[in-house]
Amino acid sequence: MTRESFSAWLDLEPGNGSKPERLLRYLLRLVWITVRQFGENNLSLRSGALTYTILLSLVPMLAMSTAIVKGLGGGNQLRVAVYSYIETLENTQTFSLPGVKNNNRDEQLPSAEETSDNSLTKHLRSAVDKLFGYVERTNFTTLGTFGVIGILLSVLLVFNHIESAMNAIWRINTSRPLMRKIADYTTLLILFPFSLNVAFAASAFIKNPALASKIDILIPFSWLQSLLLQALPVLFITVSFYAIYIFFPNTKVKSLPASAGAFLAALLWFGVQNIYISMQIGVAKYNAIYGSFATFPLFLVWIYLGWIFILAGAQLAFALQNLKTFRIIPRADSPSLLLGAAFDIMDHIYGKHASGEFTDVVSMSRKLDQYPDNVVLDVANTLIAGGIFHISSSDQRLLPANQESGYDPGKVVHLILGKEAPGTEGGKRSLAAIRKAEESAVREYRQKPGGDSAPAIDPVTAPEKSPGSPE
């Protein structure tokens, strides 16, 4: 089977073939779309760019988050969270019910010196020690207004890069307006430390002795208790990735695809890094080459792998949500699909305007989720270029061009189907069919409530008669 025939087989309608064949085609389509789009979107390159951006903005981000956590009454929560995560990676602690002495657990935060010199987690702890050392020495009072603004901008830059990567995955060409970005990113910056406090509270609740006794009754097997509690980090990481997939793309992401993508990313993140750390991959080589500076490249690899998994999970979410409509072999959208989208767009805009409700491109795409996002955006751009509606420069609101009366459905037909045709018999029939479609669209529009004010068909859209054509 050639690559072309295999792609054509993957593009068959879902109902074709036996049940095992449909299931196999479903899974292969999912893998094919995910892997192919991962490469076409240059996500490995974007992961490198995000790693570099994170590296530049990590201290400002942690400084802002730490200040917010302390303002909410928390302590050294972010540092504790990072050390707890490293502990789960190196598997140094096993679960024991509260009240049972655990000789392996130290109540104090572990430092870099407590691990072996050849350990990869030793390098991670060393990086964390140095990183939070810089954070603790950050003094917002001495920074002044411009210094604080600079820190905020560096944090917003990270969020903007994440949004750009997510929009590329979801094929969205329009990003949020600047003021909307600032408002949303600032909200996210405040909610992140707050959610961290909630996570710590939940963790403390789970380890409460009263709850532990009930867990012992419900789940008498110690190995199952240990397994369930070891799954908690994966759960928390999954929830974090789910929030990223829902929030950052400038389009509607459904919960089920986002959850599946987040779960896969969390499994890859946690599993691969466990393997990486348990095998101590590259530690001896980096120690021999870099010596005391070996922490830096290993820390970079750790961050880079994390972004690879995050973007791969987002790509899987895209593949799941668009599995039925995505075409492996690209082909032009049918005129009926484009015309249907055009009428639905106009009805949506005029309906929102009549009721005084706000609507923009993003909310319209979410409302018209029966169409692929690229179809809605392309048709909207065509209608804007034709003067049917426009975008407000102040708040990106979609406004009808003729706000007093309805739109011209004949002009919509003309913009989508066009009027270019040669003077042949086939060209004449094509223009005549378009003319009839315009008349039918106007007639049906006038029959709708409030459609009496629809303008007459623009004579420019009528087919031009060629010399010698019958009257």
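Cβ atoms are placed via backbone N, Cα and C, with glycine included.
Taken from TrEMBL, the feature compositional bias 'Basic and acidic residues' applies to 435-449.
Annotation comment: TrEMBL describes 97-117 (among others) as region 'Disordered'.
The annotation region 'Disordered' is assigned in TrEMBL to 422-471 (among others).
Among the features that TrEMBL reports, transmembrane segment is placed at 49-69 (among others).
Look at TrEMBL and you will find 140-162 (among others) tagged as transmembrane segment.
What TrEMBL records for 182-206 (among others) is transmembrane segment.
What TrEMBL records for 226-248 (among others) is transmembrane segment.
Among the features that TrEMBL reports, transmembrane segment is placed at 260-279 (among others).
Packing against the transmembrane segment (299-320) from elsewhere in the chain are residues 30, 33-34, 37-38, 41, 43-44, 46-48, 50-51, 54-55, 123-124, 127, 165-166, 169-170, 241, 244-245, 249, 253, 256-258, 260-266, 268-269, 272-273, 276, 282, 326: each is 6 or more residues past its ends and has a CB under 8 Å from a CB in it. Residues annotated as transmembrane segment in TrEMBL: 299-320 (among others).
Broken down with DSSP, the compositional bias 'Basic and acidic residues' (435-449) shows 13 helix, 0 strand, 2 coil. Same-chain neighbours of the transmembrane segment (260-279): 88-91, 120-121, 233-235, 237-242, 244-245, 302, 305-306, 309-310, 312-318, 320, counting only residues six or more beyond its ends whose CB sits under 8 Å from a CB of the stretch.
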